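See structure below.
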Amino acid sequence: WGPRTRKWRPGLAAVPRGWREPELERGLAAERRRGVEARARDPPPAHRAHPRHPRPAVQPSARRMDSANGGLGSGDNAPTTEALFVALGAGVTALSHPLLYVKLLIQVGHEPMPPTLGTNVLGRKVLYLPSFFTYAKYIVQVDGKIGLFRGLSPRLMSNALSTVTRGSMKKVFPPDEIEQVSNKDDMKTSLKKVVKETSYEMMMQCVSRMLAHPLHVISMRCMVQFVGREAKYSGVLSSIGKIFKEEGLLGFFVGLIPHLLGDVVFLWGCNLLAHFINAYLVDDSVSDTPGGLGNDQNPGSQFSQALAIRSYTKFVMGIAVSMLTYPFLLVGDLMAVNNCGLQAGLPPYSPVFKSWIHCWKYLSMQGQLFRGSSLLFRRVSSGSCFALE
């Protein structure tokens, strides 16, 4: 068979015996004898394919390659890999901590600087509250540069505990092989895959959130001490003793329910929206061609475009859904510091809330459910209530 024409091409072996030269005939006979002797010495395996249709070489699985080469999935290097993830997470947490610190102070309603008069895109005069950079400069003036990292230690411990918990759960409850959803799957099959994957993610997120939430509460209270210049929560161990003595065991889990609800709504909303877009709006019919080739002129171009769109869909949906679930984050953070003996959790900054639902209703009536979601262009709304020093 020819590689291009797909038609039969007669070779030398197909030429009648009488038409060949004697030397050529003797050479062909010797070649046959050598082939027979070689096959007798080293017989081919039973699964060897036809010489005209060779099978592709079997590639080792990812798990076998990891175990052979000492990759990320090998058992010997698993602790090293987990430590690497913890170290990378600690670095990202430390770099982003000033942003979270300023955001929390804005969430509790602490506005130490008066608003300034400015104009919007329509030319109207509006009042703008200090942006993140102005707020950060004020903190540096009061506490110095080290003041931007108040409450960092318990937050690092919280993120490390969350990472270790997720890694341990993956070892105890390994995820099943979940195939990628495409528009070739019927609605029931593809939706079943998404539900299975999201349920597994939700289980890991809820368990890690519950275990790390006490350290999150301590971090929040350490940061909001900037408002009243208190020093009640100075260290992790001393903070644990104070919370347990004053509020009992439930004091470590204040604000947990809205955080859990926010995580659950975020996971299901993001995964379901990304699923419907990827499965029913992104066309991957070109993947039916051999090897996933798009067309003869540009092989694989259309299929790679479909994969690229799918890789960004979940990221974009995550940003959109995170804005919708922001009120859960706000209510959870406010409940973590409410009525804990600090000025930031007491009037005039905040009333004493009976429950997180009471807090949600209060913020909704004030029009402040998205307070602190923007840190650059912060306009003074008609229903805003903040305390000025």
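Any Cβ shown, glycine's included, is placed from N, Cα and C.
Note that the structure is predicted; figures quoted are calculated from it, not measured.
Marked as region 'Disordered' by TrEMBL: 1-75.
Look at TrEMBL and you will find 18-45 tagged as compositional bias 'Basic and acidic residues'.
Taken from TrEMBL, the feature repeat 'Solcar' applies to 81-176 (among others). Within the model, the repeat 'Solcar' (81-176) shows a mean pLDDT value of 89, rounded to a whole number.
Per TrEMBL, the feature repeat 'Solcar' maps to 192-280 (among others).
Per TrEMBL, the feature transmembrane segment maps to 249-269. Within the chain, the transmembrane segment (249-269) has long-range Cβ neighbours (under 8 A, six or more residues past its boundaries) at 198, 201-202, 205-206, 209-210, 213-214, 217, 240, 243, 317-318, 321-322, 324-325, 328-329, 331-336, 338, 340, 356, 360.
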Number of helical, extended and coil residues in the repeat 'Solcar' (192-280), per DSSP: 79 helix, 0 strand, 10 coil
Run through the repeat 'Solcar' (81-176) and tell me, per DSSP, how many residues are helix, strand and coil. 65 helix, 10 strand, 21 coil
